[in-house]
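Undergrad: Below: one structure in structure tokens.
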Amino acid sequence: MLPLSSWTTSLVVIALSGVDARPVDTNITSIPTANNSSFQISDLTNVTAAAQSCTDIKQCRTMDQIVVSCLVTILACVWFAVHRNVPAPKPKPYRHGNVFMQTVRRARDLILDQRESAIVFVVALLAPEWILAWALRQAIAAWNLTEKLERAKLEAIKTQNKIYSMVSRLERDAEAVAGSSDGWGMSHAFLAVMGGFLFYDGHGPLRPLSPNDVVELVRRGHLVPPTAEEISNQSKGDALSKGVAIIQTLWFAMQCIVRHTEDLPVTSLEIMTLAYTVMTVAMYIAWWDIRKIPNMLLDYLCVLSDVDNRGTPDYHSIGERITNYVMGMQDRYVDLSKCKRVPTFWAGTIKFDGKPFKYDDRTFGETPKLDGKTDGKTIITDLNIATVATIADKIALFVAMVFGAVHCMAWYSEFQTHLELQLWRSSAITIIAVPVAFAVGYIVAVMIDDHVDFDIFLLIGALYTPIAIIYVAARLILIILSFTSLRALPAGAYQTIQWTTYIPHI
């Protein structure tokens, strides 16, 4: 006789499949034939094979294990792999009012703190390539800023040594102020780009420093980089969480590849999760040099007049706003002097002379040394915001096409209905085609703008808005189908790779 659990499992399968039950042969070794069937369902082979292949739990995995593994990996991809900008400093604890009002205010502050994280999470879930473009813009800005910070530090050392050359003690102090032993690296540049340096006064934080502000303060000897020991102490927890996320992501990807090579079915949910790992690897590369460094308190180092506070342009239309956000050029519209923290998707892509970038302001050439000579190497000395956005968008759009192509691995997967199969295929093709549509739309808008007196931002916004809506709809369809397809998995989907059972994993 079959155990009670086997009968229960059979009844659940019947209920989910929406079929009529007939008497079941209690002999587990018997195989139903065309004339003597246990179930009148079209996929009889899969049900029988599932009963036979999962008699040994060591050779199988459960539905819960499949779902948990995918959800943990997706969480690692869209939460732990994303480095959000430095949050606003926490306000001073409330000491006035009754206990109830203090609790309400603390709860409000907690919700506001998590709101930014929730926004980034949703965007990373629905449009991970846009998060990748943001990461690439920050990486390019940090790379460009690193050289400028080192050059500013050398200028500070040279200036301080000239001023205090007559007093040896002050000369040593000048070298300490300029940070001669600790250089400015990519980690420090990322900190500046992500809003980690703040102005403080006696009452609290005033505003974040822009990359240009940081360069100017370093040049004047008012700002020193955190030491390597400080960075190491502050980044231990961050390195641990990043390491665990990387291991989980790579482990999941390896399992999917091995299942494919051994001709074992890979569920649609696993394929969608595998696509996220492609984006995650690219994000890790872009954000690799980020470390967790505390905000720098500058109340005793400088005053507000030390840096340039120039105005910023305003949006003239909703189309201009949409276009700049889609293309990643919204930084030039941000006035940090009016902010308590940098915006959520701030990338620090502003020109380092205190002025916002202009579209036609492209300064390429040789990098001069402090004495005005060049080292003979031709590199980019200043990237304007359009150039940074273009480079980042091109890379992100290419990775986005790979992201969509991964979903095509389920092209011949088994779905419950033909409609679901067609929806999956069309949505996967849409994910691949949208990056091309964005590029073509931009080219068309530029060509029209060259011949017709028209607001190019409004035109690009009109082209991009329906494309973005179609893309989000396709992403939602893929997410929904990834879970609904779990109700009718083939028998082989429950089979596990034997050697993985000896390694602890999620």
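Every residue, even glycine, has its Cβ placed from backbone N, Cα and C.
The annotation signal peptide is assigned in TrEMBL to 1-21. Look at TrEMBL and you will find 66-82, 118-136, 271-290, 395-412, 424-444, 456-481 tagged as transmembrane segment.
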Undergrad: Using a Cβ cut-off of under 8 Å, list the residues of the same chain at least 6 residues beyond the transmembrane segment (456-481) that approach it.
TA: 125-127, 268, 272, 316-324, 326, 407, 415, 420, 423-424, 426-428, 430-431, 434, 437-438, 441-442, 444-446, 448-449
Undergrad: I'd like to know if the transmembrane segment (271-290) touches the transmembrane segment (66-82) in this structure, counting it as a touch only when three or more C-beta pairs sit under 8 Å and are separated by 6 or more positions.
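TA: Yes, the stretches contact each other.
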Undergrad: Restricting to the same chain and to residues at least six past its boundaries, which positions have a Cβ under 8 Å from a Cβ of the transmembrane segment (118-136)?
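TA: Here the qualifying positions are 74, 77-79, 82-84, 276, 279, 282-283, 286-287, 326, 328, 344-345, 347, 389, 391-393, 395-397, 399-400, 403, 435, 471-472, 475-476, 479.
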Undergrad: Excluding the flanking five residues on each side, which residues at least 6 beyond the ends of the transmembrane segment (424-444) place their CB within less than 8 Å of a CB in that stretch?
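TA: Long-range Cβ neighbours of the transmembrane segment (424-444): 129, 268, 326-327, 397-398, 400-401, 403-405, 407-408, 410-411, 413, 415, 460, 463-464, 467, 470-471, 474-475, 477-478, 481.
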Undergrad: Residues sitting near the transmembrane segment (395-412): Cβ under 8 Å, six or more positions beyond its termini, same chain?
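TA: Tertiary neighbours of the transmembrane segment (395-412) are 128-130, 132-133, 136, 260, 266, 268, 271-272, 274-276, 278-279, 282, 424-425, 427-436, 438-439, 478.
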